[in-house]
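K.L.:
From Swiss-Prot, here are the annotated features:
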REGION    30-57  region 'Disordered'
COMPBIAS  36-52  compositional bias 'Acidic residues'
MOD_RES   S91  phosphoserine
MOD_RES   S95  phosphoserine
MOD_RES   S108  phosphoserine
MOD_RES   S121  phosphoserine
REGION    134-195  region 'Disordered'
COMPBIAS  135-160  compositional bias 'Polar residues'
DOMAIN    461-611  domain 'SF3 helicase'
BINDING   G487, P488, A489, D490, T491, G492, K493, S494  ATP binding site
CROSSLNK  K568  SUMO cross-link
REGION    634-659  region 'Disordered'
Amino acid sequence: MDDTSGTEGECSELERAGGWFMVEAIVDRRTGDTVSSDEDEEEDGGEDLVDFIDDRPVGDGQEVAQELLLQQAAADDDVEVQTVKRKFAPSPYFSPVCVHPSIENELSPRLDAIKLGRQTSKAKRRLFELPDSGYGQTQVDTESGPKQVQDICKTSQQDGCQGADEGRGRNVGGNGSQEEERAGGDGEESQTESVQTDTTACGVLAILKASNHKATLLGKFKEQFGLGFNELIRHFKSNKTVCSDWVVCVFGVYCTLAESFKTLIQPQCEYAHIQVLSCQWGMTVLTLVRFKRAKNRETVAKGFSTLLNVPENHMLIEPPKLRSAPAALYWFKTSLSNCSEVFGETPEWIVRQTVVGHALEEAQFSLSEMVQYAYDHDITDESTLAYEYALQADTDANAAAFLASNCQAKYVKDACTMCRHYKRGEQARMNMSEWIKFRGDKIQGDGDWKPIVQYLRYQDVEFIPFLCALKSFLQGIPKKSCIVFYGPADTGKSYFCMSLLKFLGGVVISYANSSSHFWLQPLAEAKIGLLDDATSQCWCYIDTYLRNALDGNQVCIDRKHRALLQLKCPPLLITTNINPLGDERWKYLRSRLQVFTFNNKFPLTTQGEPLYTLNDQNWKSFFQRLWARLNLTDPEDEEDNGNTSEPFRCVPGQNTRTV
């Protein structure tokens, strides 16, 4: 029975789509027949290419299936591309407060387009963009202005939901839009709880990954604590600058770590003031800490990152303001509240500015106390005095008042000037024996006098003649007050004289300044002088102008901006490579000079150190050993009875006030 279902009207059997066809094969050639090489070309009329032309009538319904197939293939390709992109994209960082990380929110193209910084207003086309749940766009305006934290979190949540919709499978048929809307609606209802739990992670990741994350942290600090972070700190530009006191604010900390931090930080610190507040990012920890050893910013950041498991870029680290009364009052008042954990002794800079007793102790600056400090520490250089006295501000009230004054440069200059006057007056009232004893008492430790004698013997210098010349030299006997050390280079002449000059506190004059009228001015303030490396021109100058100075008689010295000074020239040491006794030009200097020759090269050890050590301790031992031989004043009576003179004091006495 024929099956005519699905056909219209009567048709033959061959025209039916479901009928059977009879196919017969016609064999023109058999196996083994010879075939010409060009037979196919001659018989080919091109009729076999007719089947490649599609001459079907338009609208027969097959293009719908092809379009559907293309759409399905395109959808599958897009899903594969997104899968590859997600596979090779770096995993984002999640704050410890994030319970359920949302990968869809992090990898969503819409969330990635959100930036806190100002972007260009030019619209850009994104590659591989999938149409979302009925709101897909091919143009995305990347301009974003300043936004609040709450707006960014909301946008991140919405985009996370849309990203989740994009990751699901889609139907591209006629009902595709309805299925997408239904799938998107189901996703929102099912992910409402997870989006709410991920609000903290969205806020931290959206804000702390911004280009200007420090400004964001500063704004969040002011929102939480009610004041600016810069009002409590002073800025260190270098991360290598060390300080013992630091203010550290850490954002996004686990609640359990924030509580345990109060105990973990104690072994490292002498004082710690800890405040813990909660916010939508997690726990915020504000700490004022004084470490047992001074640390730089990098060391502090690494330590806090280890204790709190938070990246270093989630921290604000600066030293506190030490001379700000409002800042000190803030730390003092918050330490009394129940929101702070405090242990250790309160820093002195807080006590000084908050406790009434310490505030009353602040006094005006006294120049005499600064002069006394410079005199006691033998400081006559202005820069050294300013630095050393400023370091005493933490323990000395007068030094603190000095730092608070507006005339520091004037005070330093006046203090150094007065200290030099006192030192010069003290030196002028001493003879050479008292001066040597005074210089020796300042040197700590005992040395050995033998290296000095051994070095003189190494240079073939007779010790007894040298001792006699040194005795006359120290006593200032006329025509015996100048000792010359002559010899070739590298024999230790300058080393020997410089070590003796340092012990006696002498001065050095240089012939290079001889064109000035004031080049001899240092001799007016010293007990001994040194002219190093005298040349032939220098000897001619001495022979012409300084004969009476070598005699040890009274000379007149010109001083800058002062009147001429008449004084007895102090004993003078001279080193030279020219023998002044062998030249007839300087025959009048022969009776005024005591010459010792150093012919041997100065010996050194294998490490490059001097074989003979000539230091202050050895010279102290040398003078103590040969005190009587040098005919110096015998200090035995003073040692037995003690020093009757009182130490110099330029600070007026104070009466003790009873309470």
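Backbone N, Cα and C define each Cβ position, glycine as well.
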K.L.:
What is the separation, in Å, between the Cα atoms of G487 (ATP binding site) and the residue listed as 'SUMO cross-link'?
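P.N.:
Taking the Cα atoms only, G487 (ATP binding site) lies 29 Å from the residue listed as 'SUMO cross-link'.
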K.L.:
Using a 10 Å radius around each Cβ and counting other Cβ atoms from all shown chains, which of the binding-site residues G487, P488, G492 yields the largest count?
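P.N.:
It comes out as G492.
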K.L.:
Taking the centroid of the Cβ atoms of G487, P488, A489, D490, T491, G492, K493, S494 (ATP site), which other same-chain residues have Cβ within 8 Å of it?
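P.N.:
These residues sit around the ATP site: T575, N577, F598, K601, F602.
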K.L.:
At the Cα level, what's the spacing in Å between K493 (ATP binding site) and K568 (SUMO cross-link), rounded?
P.N.:
26
K.L.:
Rounded to an integer, what is the Cα-Cα distance in Å between S494 (ATP binding site) and the residue listed as 'SUMO cross-link'?
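P.N.:
Given the Cα positions, S494 (ATP binding site) is 25 Å from the residue listed as 'SUMO cross-link'.
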K.L.:
So if I draw a 10 Å sphere around the Cβ of A489 (ATP binding site), how many other Cβ atoms end up inside it?
P.N.:
10
K.L.:
Hey, what's the Cβ neighbour count for K493 (ATP binding site) at 10 Å?
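P.N.:
Other Cβ atoms found within 10 Å: 26.
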K.L.:
Taking the Cβ of K568 (SUMO cross-link) as the reference point, list residues of the same chain whose Cβ is under 8 angstroms away and which are at least six residues distant in sequence.
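P.N.:
Residues satisfying the criterion: G476, G552, N553, Q554, V555.
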K.L.:
Can you give me the average pLDDT across the domain 'SF3 helicase' (461-611), rounded to a whole number?
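P.N.:
The average pLDDT of the model in the domain 'SF3 helicase' (461-611) works out to 91.
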K.L.:
Should the residue listed as 'SUMO cross-link' be counted as helix, strand, or coil on the basis of DSSP?
P.N.:
strand
K.L.:
Including all protein chains shown, what's the count of other C-beta atoms within 10 A of the C-beta of S494 (ATP binding site)?
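P.N.:
Around the Cβ of S494 (ATP binding site), 18 other Cβ atoms lie within 10 Å.
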K.L.:
How many other Cβ atoms sit within 10 Å of the Cβ of D490 (ATP binding site)?
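P.N.:
Other Cβ atoms within 10 Å of D490 (ATP binding site): 12.
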K.L.:
Tell me, by DSSP, whether A489 (ATP binding site) is helix, strand or coil?
P.N.:
coil
